[in-house]
Amino acid sequence: MLERRCRGPTAMGPAHPWLFSGPSQESSQPNRGLRYQGKSVAQPGGPAPVKVHRCAHCRKRFPGWVALWLHTRRCQARLPLPCHECNQRFRHAPFLALHLQVHASAVPDLGFICHLCGHSFRGWVALVLHLRAHSASKRPITCPECNKRFWRQKQLRAHLRRCQPPAPEARPFICGNCGRSFAQWDQLVVHKRVHVAEALEEAAAKALGPRPRGRPSVTAPRPGGDAVDRPFQCACCGKRFRHKPNLIAHRRVHTGERPHQCPECGKRFTNKPYLTSHRRIHTGEKPYPCTECGRRFRHKPNLLSHSKIHKRSEVSAQAASHTGSHLIAAEPMAQPALGVPLGSLRTPAEAPASLHSCTDCGRSFRLERFLRLHQRQHTGERPFTCTECGKNFGKKTHLVAHSRVHSGERPFACEECGRRFSQGSHLAAHRRDHAPERPFVCPDCGKAFRHKPYLAAHRRIHTGEKPYVCPDCGKAFSQKSNLVSHRRIHTGERPYACPDCDRSFSQKSNLITHRKSHIRDGAFCCAICGQTFDDEDRLLMHQKKHDA
């Protein structure tokens, strides 16, 4: 909020002389929150460029530096993280950590210094990671295995499932050949294929008999067999490897060790490539582009699965463009060039269908499990239940994303402003706020928007559509927020309470109007001429005279 009392420029102290120096004056003090050295933007039809003044906190732009200064005071008052040295406020902890090193370090060469313990770091990312160690001591729940601390018992249970090796009684399926145990039946079935392959190799060797003397074959086994080719053997299951790093990575299957930890969300992995692939979720990196449509993917298997869609469409197009007249030869040849009779060759139209189709909507899927997941949309089945609130979900990924609402986890961070999100889709939508492009254009008036839902809501102004109907009185609204606000009339809900008295309101605008009654006369003071106003809006209107 704006300053409640008129103290004048001199009452601010000599520490902030740059607040009252105009754009033409130079100041050695670095700007805190103000950026009046904005880019010059030429107005269409005007000869001289106009400077753009941008707020460093919310990126809003203002035509004059006075309006920017007034806005910055209100913007900083709403920020949750205050600096205890100079009372400046910040929205995100990394920005506060960057600011604190100005107070903590008198010598710039020391780098980034922790204000709690005095440790210095070369980069601010290392300082932010170090600050987490101080906050970790306040977490009440401790892991009995690795002493890692958590805020909630649910986070500890999820952590124990990752870091604790499974107990012997949790592996009831035992292989009869080597004695290795497994937690699931399908894992044992996959493992038994190793012994089947070994038995087939032995039977083939006995049937072929000893190799003739002479020059050994390229594929002839060396003396000692696997002991020479694969000298590194696992002491738990007897599996052999050619290289020692492969054996070390394999041992983690038995020990449950996960040494590679994600610095963003704390999830651990057995191999570094798994961690590298996982970190792309936080960074948003998608290094695998499709050469057909340009769509990008985070993992290579996803790209390979996507490319099959284009291949199937090409096959369907070829089958539709060709007719049976030139696919069938007049006189079938006895032996084509490839050595296969033409009668045994199948055209793309005759190829067996390997897709699984939905009986309700006709949509096809490559795998049956994808079809089962899709059919839950028609049946309404929601087998995954949240243990905290009992809400049901049709997909496990939706349950995992929902659980972050209870745990408070926000693993997806914006590189521009540091704001964190619980879902990657929310981060992708937020990134458009930083981008200058507005790809969604209204065909009626030409107004552009960054997000498609904003365009859909705007178009209802032209069409007059009101899809949101109140179930109590039947009144219709074009925006869902208007319906939510209207329903408080029927429910009697008043979520906006005045902090100065006991009154509460159903609309936020009514609360803002009411709070002006608590403000004393002359509470809002102009920093340029000293004139006072009872209303903040009147002060802003007055400031436009100075900007002009």
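Just so you know, glycine gets a Cβ as well, placed from its N, Cα and C.
The stretch that Swiss-Prot tags with region 'Disordered', taken from the ranges 1-47, 377-423, 471-517, is 1-47. Here Swiss-Prot gives zinc finger for one range in the set 209-231, 232-254: that range is 232-254. By the Cβ criterion (under 8 Å, sequence separation of 6 or more), the zinc finger (524-546) is in contact with the zinc finger (53-75), since 3+ such pairs are found.
For Lys272 (N6-acetyllysine), the Cβ neighbour count at a 10 Å cut-off comes to 11, with all displayed protein chains included. Taking DSSP states H, G and I as helix and E and B as strand, the zinc finger (288-310) has 11 helix, 4 strand, 8 coil. The zinc finger (496-518) scores a mean pLDDT of 81 in the predicted structure.
Helix, strand and coil content of the zinc finger (496-518), in residues and according to DSSP, is 8 helix, 4 strand, 11 coil.
Residue counts for the zinc finger (173-195) under DSSP (helix as H, G, I; strand as E, B; rest coil) come to 11 helix, 4 strand, 8 coil.
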